[in-house]
Amino acid sequence: MISRDHPRYHSLIQREMITEAWRKGILADSGMIAHGRGEAFDYLLGERTTEPAARAIRAAAAALLLAKNPVISVNGNTAALVPGAVVELADAIGGKIEINLFHRTEKRVRLIEEVLLENGAREVLGTDELLYIDDIKSPRATASPDGIYSADVVLVPLEDGDRTEILRKSGKTVITIDLNPLSRTSRKASISITDNIVRAIPALIEAVRELEDLSRDELELIVEEFDNPENIRETLKLIDLRRYNPEL
Ligand code: ATP
Ligand code: MG
C-alpha cells in the first residue's frame, strides 16, 4: 500500500500500474524502460502540465475536432495507464481506437483489446487485417484499413520516431504525447504534447469539451496559430529555468 501523502505518490502508483501490466503480458519489457525514460523527463518538467503543454493540448483538441477520421493509437503503456480515458476521448471526438505495437504479438494484441473493451470501447481496430502505409514494406508502416491507414488526424502517444515520420510523410496530422521534448517523435510530429499521458489525455478530453461548440473557422485559427518548433523551444527553456528556481 502506497501512502497518499508520500511525496512521490503519483509516480509510485504509475510504477505499480506499469509493473502490473508487465506481469499480465500487456506490456513488453521495453515498455518498462520507456516508462523510466518518461519519468526522468517528467521530473525535469515538474510533474505537471506546463504552459507549453497546455497550448499543445488546446491545438490538438482543435485538430481532433476538425478531423474527418480521427484515430487514437494505443500501445502497451497507454493501455496500462489510461485505458478508460482513451475510450472517453474517442467518444468525445467521434474517433476510432487502434492498437499499434512496436513489439507486436497476437497475445499482446488480444490482451490490450480486452482491456479496452472492459473499459467501454465499442470497437477496437488493429487486431486483424493490416495494410502498409504508402506501400512501405516495414513493420513500422502497418495500419488498419479503416483506422490509421485512412485517418487524416492521428493521436499517437509514445510513438517511435520512424513511424511518426512515415505518418507525417503520408500527409496525416500527427499529434504525439511524449515526455521527451527532444525525441525524434516530438520533433517530427505536427503537434507535440510534452506531458505525461496520465495528465494529457484527461486534459485533452476537457479541452475538447471546451472547444466543441466553436465554428470550424475558429478551430482552424487555433491550429494555424500553434507553432510546434517554437513550443518545443519554450518547453526546453522552462527545463533550463528550473535550474535556478525548481518551483517554476
Ligand atoms: P525516438 O522518438 O527518438 O525514436 P524512442 O522511440 O527511441 O525515441 P522510446 O524510449 O522507445 O524512445 O519511447 C518512449 C518515449 O515515451 C520516451 O521519449 C518517453 O519519454 C516517453 N514516455 C514514457 N512514458 C510516458 C508517459 N507516461 N507519458 C508520456 N510520455 C512517456
Ligand atoms: Mg525509437
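Glycine residues also receive a Cβ, built from the backbone N, Cα and C atoms like all the rest.
Noted in TrEMBL for the protein shown:
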BINDING   Arg15, Arg37, Asp178, Leu179, Asn180, Arg184, Thr185, Asn196, Ile197  ATP binding site
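Location within the structure of each feature annotated in TrEMBL.
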residue	record	CB count, 10 Å
Arg15	ATP binding site	16
Asp178	ATP binding site	28
Asn180	ATP binding site	19
Thr185	ATP binding site	23
Ile197	ATP binding site	23
Largest pairwise Cα distance, Å, within the listed ATP binders Arg15, Arg37, Asp178, Leu179, Asn180, Arg184, Thr185, Asn196, Ile197?
25
